[in-house]
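A.B. asks: The annotation active site is assigned in TrEMBL to C367, H426, D449. Summarising the annotation, TrEMBL assigns Ca(2+) binding site to N489, D491, E538, E543. Annotation comment: TrEMBL describes 16-25 as compositional bias 'Pro residues'. Annotation source TrEMBL lists compositional bias 'Low complexity' at 64-79.
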Amino acid sequence: MDGPRSDVGRWGGNPLQPPTTPSPEPEPEPDRRSRGGRARSFWARCCGCCSRRNRADDDWGPEPSGSRSRGSGSRSRGSSSRDRRPDSRGSGINAAGDGTIREGMLVVTGVDLLSSRSDQNRREHHTDEYEYDELIVRRGQPFHVVLFLNRSYESSDRIALELLIGNNPEVGKGTHVIIPVGKGGSGGWKAQVMKASGQNLNLRVHTSPNAIIGKFQFTVRTRSEAGEFQLPFDPHNEIYILFNPWCPEDIVYVDHEDWRQEYVLNESGRIYYGTEAQIGERFDHGVLDACLYILDRRGMPYGGRGDPVSVSRVISAMVNSLDDNGVLIGNWSGDYSRGTNPSAWVGSVEILLSYLRTGYSVPYGQCWVFAGVTTTVLRCLGLATRTVTNFNSAHDTDTSLTMDIYFDENMKPLEHLNHDSVWNFHVWNDCWMKRPDLPSGFDGWQVVDATPQETSSGIFCCGPCSVESIKNGLVYMKYDTPFIFAEVNSDKVYWQRQDDGSFKIVYVEEKAIGTLIVTKAIGSNMREDITHIYKHPEGSEAERKAVETAAAHGSKPNVYATRDSAEDVAMQVEAQDAVMGQDLTVSVVLTNRGSSRRTVKLHLYLSVTFYTGVTGSTFKESKKEVPLAPGASERVTMPVAYKEYRPHLVDQGAMLLNVSGHVKESGQVLAKQHTFRLRTPDLSLTLLGAAVVGQECEVQIVFKNPLPVTLTNVVFRLEGSGLQRPKVLNVGDIGGNETVTLRQTFVPVRPGPRQLIASLDSPQLSQVHGVIQVDVAPASGGMNFSDAGGDSRSGETIPMASRGGA
């Protein structure tokens, strides 16, 4: 997984091999001058009137040595905004290139980008929650800059701002932006003088709504009668530019403020997988650099980073590690001894910062972890994004757009032929954008799926795919619509082996796939059903048309031609609310809807299954013959004791019930697959005292082991945006049916409503989570603190506060 990738993929023209010690930004080339002949003057390139000046003014001289290095700068980090002056390492550069400042030159002695989290820029651009000191703005929206000069600004003075990104910035590619002050710029870039007061100059800078997103270096050039000056590059003056859902001219614009608050700014999400799990999405220091590093690591051209379609597609490829050494290693084996159980993660920060710090893929992830990280990355870059869970999600392996299940003559599953699978649930992402690359009508929510299932154009990525095209079966729309359509709206087709070895369709189940599609509701932790935006009502004419339209473009376009419609016995499968460690019962209800007596020969096969649909061997089965009077219903039950299923449990405690039946009188075949999970307990979190910024607070965590066996090597994880950096707690063993209590302290760093999230993991039990709302009061001085305690890189051994029996 850590070697160079052999498949160059979509961005093969710009390969970037994994560095031993990664840098969030590739080191720039020191010289950006033209390759041949004499370089044109800066002012000749950016300003038409200046191109007619004297030949003596043509040469700016060489750029300062190391002017773009991360170590040079004009001020120290601790200096105040009024004292930001060049130090000895970064004196201004004049036309002669010797650093001499002539009398009368307009020299920029310092810059105030108003970049602190409490300043106007950060608040107006909705970036004040990012734990960064640098300026973070959203494209297409103006921001303010103060220039400190060596003298008063005069009308004859000329000033230009420069923004540069990438190894070889070019004006034509949008990676070198020149903004003459007081003149209309190109593509939406411009700068205006708002106020000239003494030696201070207040500017209002407008960025293009199509600007490249990323971290730009910033400088200022001036020209006066006495000469020309360039402010040295200072790493403290770097500017992050993000997508802007608040800007109507940006193609990621979202026209609902409550949507923007939920899908862009919310730092804590909820992901549903059988039961709910909390996955945090945060703007901690370093996370934005990690998100941009992902694009760098993939070698994505800077010129393409203004396009959300391309950016989201690259993120879907890079969040998984296959073929490009991306963020997360997928693991569905059940053995997580060399990494972290996917169910144990409580946030994305630990994952992203580890990837940024080491350059190596992080073990391990499954679909909800891939989706949680993708939500964090896309929201951090400015795209409105949400996590989406599809229950009974199909995985079509042969592009037939149907789920094909094969049985023998006695309707026992032929697992060696069942390559298609139905995941109990699958989690992906929706992100909001216009699609100028598609015909009209396909803007809005787009599916992006970072879980590596099938390749797309030779690499493991998926999307963005218009939800509208999925709903109507328009599987010829890009990207990856056939695969996603099959996940939400394909039919289950049951094939039975005949006496001559051939296979015949004996049953088509139309409502088995995509039974419920949900996301977190806006402004609450409630679940919102969004099935209707993905598919027309089940069984409606529009829904059937969409399925048949899609299937006509699949590998088996005539699959529905051999359907047998003689059905007068209905079957329904039920499973009680099963709890891990307890006995359970499964039931099948048969109903005779005809006017004649029927006899059903019924077979039940129970096996454990991974959530991906991969099944283990059958550990319990039952065969019964059930007589049905006309109009009558009969319930068939199969009890299952804990001691029967315990030896067979696999990750996530899911089970698959295969039910098949044959009606003697009519020859009707009944078939049904039903999956269910064993519920795990929640962690109980209680806040012990008020939470105030900068003051230590304590939380109590209570857990009761639901199993009669000892849990070994138990690990708790604790994390909360603005409350607690990712923290790992090793608590040892917990006895069978034992209750344990532990207490942890944390120091809030940001005021307002926050969530503290905890998880428990052990080899015997996982998927145990808890969350508590923490309303943090501001500190007496109203200040924020720069960091939260805790270190995700080392585990801490914690003694239990108390233990108790059942």
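Backbone N, Cα and C atoms are what each Cβ position is placed from, and that goes for glycine too.
Source: prediction; values computed, not measured.
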A.B. asks: Could you tell me the C-alpha distance between D449 (active site) and C367 (active site) in angstrom, no decimals?
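C.D. replies: D449 (active site) and C367 (active site) have their Cα atoms 9 Å apart.
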A.B. asks: Of H426, N489, D491, E538, E543, which recorded positions are close to C367 (active site), meaning a Cα within 10 Å of its Cα?
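C.D. replies: So the list is H426.
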A.B. asks: Looking only at D491, E543, which of these binding-site residues has the biggest number of Cβ atoms within 10 Å around its Cβ?
C.D. replies: D491
A.B. asks: Have a look around N489 (Ca(2+) binding site) and count the other CB atoms within 10 A of its CB, chains all included.
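C.D. replies: Taking all protein chains shown, N489 (Ca(2+) binding site) has 25 Cβ neighbours within 10 Å.
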A.B. asks: Can you tell me how far the Cα of E543 (Ca(2+) binding site) sits from the Cα of H426 (active site), in Å?
C.D. replies: 21
A.B. asks: Given N489 (Ca(2+) binding site) and H426 (active site), what distance in Å do their CA atoms have, once rounded to a whole number?
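C.D. replies: Answer for this pair: 14 Å between alpha carbons.
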A.B. asks: Between the Cα atoms of E538 (Ca(2+) binding site) and H426 (active site), find the distance and write it as a whole number of Å.
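C.D. replies: H426 (active site) has its Cα 20 Å from the Cα of E538 (Ca(2+) binding site).
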A.B. asks: When you tally the Cβ atoms that lie within 10 Å of each candidate's Cβ, which of the recorded positions (D449, E538) has the highest tally?
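C.D. replies: It comes out as D449.
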A.B. asks: In whole Å, how far does the CA atom of H426 (active site) lie from that of D491 (Ca(2+) binding site)?
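C.D. replies: Here the two Cα atoms lie 17 Å apart.
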